[in-house]
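Report on the following structure.
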């Protein structure tokens, strides 16, 4: 089986997530004497580096880790585990999603009970019911107590503070806090009137900034209560359940969407649009990459380049059959407004340089092969002859810019051939436009987290088969 992350972190400065109190501390080098190896009894013990020895070697068949050590910043244990494609990881994920499916059998009873307890006279029960509502309906993480001197001050539902929510009558609640990995959670939601009333009560004086909103509830108490409904049920299972349920509901209505009968790119975007809804629900955000604008610019230029190619092809139709202008209408042959003269000249120069580079690299590669076979390499004269087509292309563009006409290219050019070429270019434009829209729409949303960890993969497989989209479009090849 493939191993997951098997490299020990090198020494360096600790960064942490967000405003971590230990940012800047030195991470020490991990030596073999700190590492415990876990292997089968009959397996050969891996050799440590020369002059060193392992801290210990054990044969725990119930543990899923292969190596373990303790880092010096937070004294946390680090593990080497089997990879995502391993049976053990697959079994773990299967159990997780099965538990979420099991929750479906109990969810109505759970919701009925916590709705009733929203009005409980016992304050601890009322707080627990309110927290369950927020975890269930808004997909908040449960949250745990934090040692803010040693960890970043991040919170979840049960650890919300007075200042983390703002109430606006009649039932609007605005959340503003740092969640897991210091990702900001800033959302406004309309809640049930009784939930709003409870939150207002939980913020009542003498409570003030820094005080716990749920001062009579802990995550441990909440999870213990949930096991009364279902063995092994914790607040965490609600996120998996709601993510998969939301995705399932969104996928149900896709058959009516015309894009479901479109190209593969359109279908992938359709799936990603649904995935985005789930990622937003779970607050799976990311910062916009530094190269995003540049990537979008390149995509835009590729699209414009294809549309310019379409226009040239249309002009070639007029070159062999001028009567087409009357048949198709003059507007069909017009250049798109955003393809101005300045951009066209820049693009033509790009095409010229692209062809020059391509020919030069091919020449160099051919010469390398000749040298490898101990044959005489081609002279520079050969390269100059090959580059003659670049000069011809340059002259062609210069003439086109002057006459505004394009001579027909290719063997046996016909109107039908050019029409088919235009249609193919149109398909390529649509694919790139779909990709551009999808990429820009996902610039601040981490689709991978929800797709891999929260959405039952069986839903993705159903979509793949139903709409005839290769599964590789959704999962990388590391998954079995």
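Each Cβ is built from the backbone N, Cα and C atoms, and glycine gets one as well.
Pulled from TrEMBL:
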type: ACT_SITE; residues: 454; note: active site, O-(3'-phospho-DNA)-tyrosine intermediate
type: COILED; residues: 380-442; note: coiled coil
type: DOMAIN; residues: 13-468; note: domain 'DNA topoisomerase I eukaryotic-type'
type: REGION; residues: 1-26; note: region 'Disordered'
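There are 25 other Cβ atoms within 10 Å of the Cβ belonging to residue 454 (active site, O-(3'-phospho-DNA)-tyrosine intermediate).
Across the residues of the coiled coil (380-442), the predicted structure has a mean pLDDT of 92. In this structure, residue 454 (active site, O-(3'-phospho-DNA)-tyrosine intermediate) is part of a helix by DSSP.
Helix, strand and coil counts under DSSP for the region 'Disordered' (1-26) come to 0 helix, 4 strand, 22 coil.
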